[in-house]
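*Asks:* I have a structure here, written as structure tokens, and I will follow up with some questions on it.
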Amino acid sequence: MSIMAPAADKKLTGLVAATFTPITSQGEINLSVIGPYIDYLKEKQGVNNVFVNGTTGESMSLSVEERKLLAEEWCRKAKGKMDQVIVHVGCLSLKDTQELAHHAAQIEADGIAVIAPSFFKPSSADVLRTFLQEVASTAPTLPFYYYHVPSVTGVNVNVRELIEGIEKVIPSFRGVKFSGSDLMDLGQCISYIPPHWSVLYGIDEQLLGALVMGVHGAVGSTYNYVGCHVNKLISAFETGDLVQARTIQFKIQELVSFAIKLGFDVGVNKQLMNELSGLDLGPPRLPVMTCPAARALAIKQKYDSIFPE
């Protein structure tokens, strides 16, 4: 096998938890929680893949050095326990993104993902493809995923157009984390891609619609604490029990809709995870505000009433 061929060519499927970044009350990253966090995901949620340093992980609020330390610890502690650790390496700066991609290869991550730069935005699919190519070339052996999240980046390129012929310039390209609500673009991506690529959906409360379109898995923040229920949703869908799959999806929609009405951002989500998991992931980092205790408690109570078991 060529050393240039992607090393971890396992197709990424099923649930992937977008992990929170543990932070101390002094505002420093807290690596000591990562081991117990992995055990919790595996044992309590049945989630065997993680997407590290993404939106949920507050990556854009972390330094390059902090992101390296986190990625390293996740890879080290997940070895032999998790199926795949995908490290998000996207930054506003091409150089920082390349540095993190190269580092992810050194620490033997199972893959890397890259978000579109969002201050100076790529003006077209061609420009974004060139940016991604420049990043992938620094870690040519790692499976490479484009992370599409237009609601956060403001970059709403047509993904189907972006991935047209992309394997010619990025031989390690393996798929898309699609966190957009355009099901036509999503469907066209799924119908276009070769069998060894994955399209993973990123809007948790709409997963069932994406499963019908044919996604291979899902990456999301709520899978940190509703993963066990979503695994049942996927099983129900796969066995043709749409009534059961819908019932679970509607419960998740009820929870998310309740949370959104109260105000649901990464800070609130993180505090909810603290309450539900018993882990101490700490506060978010500014400019995200710490969640008022009463709000997280109200959402936890809602969770307990929707998922009483």
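Keep in mind that glycine also has a Cβ here, set from the backbone N, Cα and C atoms.
TrEMBL labels come from automatic prediction, so no person has curated them.
So TrEMBL lists the following for this protein:
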type	residues	note
BINDING	T56, V219	pyruvate binding site
ACT_SITE	Y147	active site, proton donor/acceptor
ACT_SITE	K177	active site, schiff-base intermediate with substrate
*Asks:* Cβ atoms within 10 Å, counted per site: which of T56, V219 has the most, among these binding-site residues?
*Replies:* V219
*Asks:* To which of the active-site residues Y147, K177 does the lowest count of other Cβ atoms within 10 Å belong?
*Replies:* Y147
*Asks:* Write down the Cα-Cα distance for K177 (active site, schiff-base intermediate with substrate) and T56 (pyruvate binding site), rounded and given in Å.
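*Replies:* K177 (active site, schiff-base intermediate with substrate) has its Cα 14 Å from the Cα of T56 (pyruvate binding site).
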